[in-house]
Amino acid sequence: MGRRARDRRRQQQRQERGGDGGDQTGWAGGYPEIVKENELFERYYRELGIVPAGEWDAFMEALREPLPATLRITGYKSHANEILHCLKNKYFKELQDLEVDGQKIEIPQSLSWYPEELAWHTNLSRKILRKSPELEKFHQFLVSETECGNISRQEAVSMIPPLLLNVNPHHKILDMCAAPGSKTAQLIEMLHADMNVPFPKGFVIANDVDNKRCYLLVHQAKRLNSPCIMVVNHDASSIPNLQIDIDGRKEVLFYDRILCDVPCSGDGTMRKNIDVWKKWTTQNSLQLHGLQLRIATRGVEQLAEGGRMVYSTCSLNPIENEAVIASLLEKSQGALELADVSSALPGLKRMPGITKWKVMLKDGQWFEEWKDVPSNRQTQIRPTMFPIKEEEKLKAMNLERCLRILPHHQNTGGFFVAVLIKKSPMPWNKRQPKVNQKLPQRTGDTVETAANSDDGSDDITEEPILAENEESKKMQKLQNSDTEQNKKEGVCGPPPSKKMKLFGFKEDPFVFLPEDDPLFLPIQKFYALDPSFPKMNLLTRTQEGKKRQLYMVSKEIRNVLLNNSEKMKVINTGIKVWSRNSDGEQFGCAFRLAQEGIYTLYPFIHARIINVCIEDVKILLTQENPFLSKFSSETQKKVKDMAMGSIVLKYDPDPEKPDTLQCPIVLCGWQGKTSLRAFVPKNERLHYLRMMGVEVFKAKRKEEESESKTEEEVQYKQAQPEEGMDMEDKERGLVTKMEAETALYYRWAFVSVAGNGPCTSKI
């Protein structure tokens with residue numbers, strides 16, 4: 001059933017029920033209106049006092065209002081300023097004095113605390129933005145720019161944790177619970193702060209426990225075309241220790257920065273996930289506390305000394321927030337400290353962390369101390385959920401350095417953030433972990449990702465790393481004793497060991513190109529690659545048969561891949577840089593350039609580059625297969641003596657013409673016998689055309705006309721293969737497009753997955 005048909009059916013159902021289903025909120029979509037009331041929620045948070053005196057009514061009123069739409073401009077690309085200029089001077093101006101369904105549309109405002117005006121919010125609800133004909137042009141712009149990685153639709157508070165990580169391009173970063181990937185994208189941007197460096201020394205390992213969500217994460221990360229990102233699939237609470245080769249020695253990989261955005265009950269997301277209103281109970285937080293503490297503990301274990309870990313949730317509940325941080329600080333015995341970030345992000349209104357709270361069961365029963373909990377409730381409530389009673393110890397923790405974002409202060413969702421600094425190894429990691437010297441079995445530079453066993457899982461036991469043998473035995477004994485007794489003895493044991501399960505689909509292997517591979521020599525010659533080109537970083541995803549695609553990773557990602565194949569399940573890494581042509585040999589090279597990796601490759605290419613003017617770029621992007629005669633005389637002269645095949649088309653801005661596009665463009669192209677064309681994805685074409693001031697808006701067609709192709713639709717449809725492109729390339733493009741559209745649907749719809757258990761929301 002098509003979308004329009006579903007909409008008509010839902011409208012009919014609403015009329016039959018005799019109402020609009022609460023349509024004024026912009027959320028109804030044909031379903032019965034959910035009453036935004038929860039007595040237990042109000043009683044719980046009133047008692048805890050997390051909302052300042054006199055602000056409770058404003059707090060609750062904000063929770064019942066739709067969440068503003070927010071967007072973030074990708075900050076590391078050279079054309080970020082062009083996108084910002086386009087937004088401010090074109091699309092935002094068109095919203096002036098606009099009314100939709102009687103609602104005055106306010107001009108979007110930049111988030112005052114986000115650097116360089118790269119994040120914006122508006123009072124538009126998602127339904128109005130997606131359904132209103134008056135806003136269709138703006139919505140198309142957002143969808144298209146999001147798909148090609150230039151804009152991210154991301155909740156405002158979700159942007160905070162990566163900013164507080166203080167990432168530099170040389171940092172090794174672990175994102176422990178990364179899906180759906182908006183924060184991961186921010187981290188990648190920070191690695192590529194200098195676009196003149198194609199391979200920054202740092203990298204991001206993005207992990208998620210959900211195999212299916214990992215592929216959504218891949219789609220998000222791939223929009224940014226970075227060779228420094230790897231997506232892996234592990235339980236974050238037992239993610240394995242990795243090792244890397246440093247000057248011939250195998251050493252454990254410790255991360256400079258870790259983002260620990262854990263699954264949570266999500267009551268800070270009530271403004272967009274309205275199911276939380278009727279499903280909220282304190283039981284959700286009680287069930288998640290242990291998992292959150294295990295994930296955070298595993299994170300700080302893998303953090304380098306002097307490194308920084310940001311712990312965050314989209315929950316307001318201290319059981320998931322301060323209680324986790326306090327327990328982590330206590331067991332660290334001084335190895336961790338909360339960073340003072342009060343001066344970071346000026347303009348961001350935040351509340352300090354709290355030091356006193358109570359625990360409540362779902363039946364409304366309160367407990368102030370662990371000793372008050374009856375034995376039949378001690379499986380639901382644990383000692384780590386209660387605040388520290390010793391005033392001196394509590395004061396030394398500086399829990400007020402945590403941040404809690406309240407929705408009514410800046411019209412956002414609710415959020416919690418804590419920034420931890422590691423000063424020394426954790427007590428149970430006093431000695432550096434021993435590295436297993438047994439290297440993966442591989443042929444050449446072939447890396448097999450962890451495969452599934454016959455029963456669908458592969459168990460790898462991650463042993464806890466302990467101190468001296470005597471202390472180890474003592475700690476192991478203490479693990480099984482009561483936590484209060486542990487505190488009395490002043491000893492803190494490590495988290496219990498846990499089996500790591502690998503599941504999901506078996507991935508293709510990562511096969512690095514051998515140094516003497518004959519495949520590379522014609523490529524090197526055809527494109528006159530610089531001697532500094534890191535050919536050892538090229539890989540394929542097949543061990544047998546013809547290599548159809550060549551991918552590239554950074555040297556550091558290669559190091560991780562080669563040394564951890566037996567313990568790590570890699571979902572995806574690398575960017576495509578070359579793709580095989582079925583008849584490529586007759587053009588001098590079997591592989592054509594791929595637009596996905598052109599900005600990484602371009603600094604190393606010294607041949608087959610054609611500099612084009614702005615008018616030539618417009619022709620390349622608006623016409624399917626233009627004849628050479630349509631281009632400028634300069635371009636025709638350059639092409640005349642060049643052999644057929646894959647080429648680079650480069651536009652350099654003219655600073656003497658400030659009204660023209662002021663950012664460089666690099667396109668992959670193909671020179672035919674009588675034509676010159678660009679091999680660029682549809683949305684990337686539209687992006688460049690918008691930046692050049694070319695109108696690319698297409699109004700919606702009536703349903704009866706939806707199957708007919710108009711001249712405008714043909715003009716901008718995705719390029720089809722011509723000479724030098726084979727059918728497999730065409731099929732791959734179709735599959736990629738289908739995957740992208742599916743991923744976009746879920747990302748833009750902001751679907752809340754709510755089961756019978758607690759809602760483990762992540763923004």
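A Cβ is built for glycine as well, from the same backbone N, Cα and C atoms used for every other residue.
Per TrEMBL, these features apply:
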- Cys314: active site, nucleophile (ACT_SITE)
- Cys177, Ala178, Ala179, Pro180, Gly181, Ser182, Lys183, Asp208, Asp235, Asp261: S-adenosyl-L-methionine binding site (BINDING)
- 1-12: compositional bias 'Basic residues' (COMPBIAS)
- 434-454: compositional bias 'Polar residues' (COMPBIAS)
- 59-423: domain 'SAM-dependent MTase RsmB/NOP-type' (DOMAIN)
- 1-30: region 'Disordered' (REGION)
- 428-495: region 'Disordered' (REGION)
- 700-729: region 'Disordered' (REGION)
Taking the domain 'SAM-dependent MTase RsmB/NOP-type' (59-423) alone, what is its mean pLDDT? 93
Given Asp235 (S-adenosyl-L-methionine binding site) and Cys314 (active site, nucleophile), what distance in Å do their CA atoms have, once rounded to a whole number? 20
Expressed in Å to no decimal places, the gap between the Cα atoms of Lys183 (S-adenosyl-L-methionine binding site) and Cys314 (active site, nucleophile) is 13
Given that the record lists Cys177, Ala178, Ala179, Pro180, Gly181, Ser182, Lys183, Asp208, Asp235, Asp261 as binding S-adenosyl-L-methionine, what is the largest C-alpha to C-alpha distance among them, in Å? 20
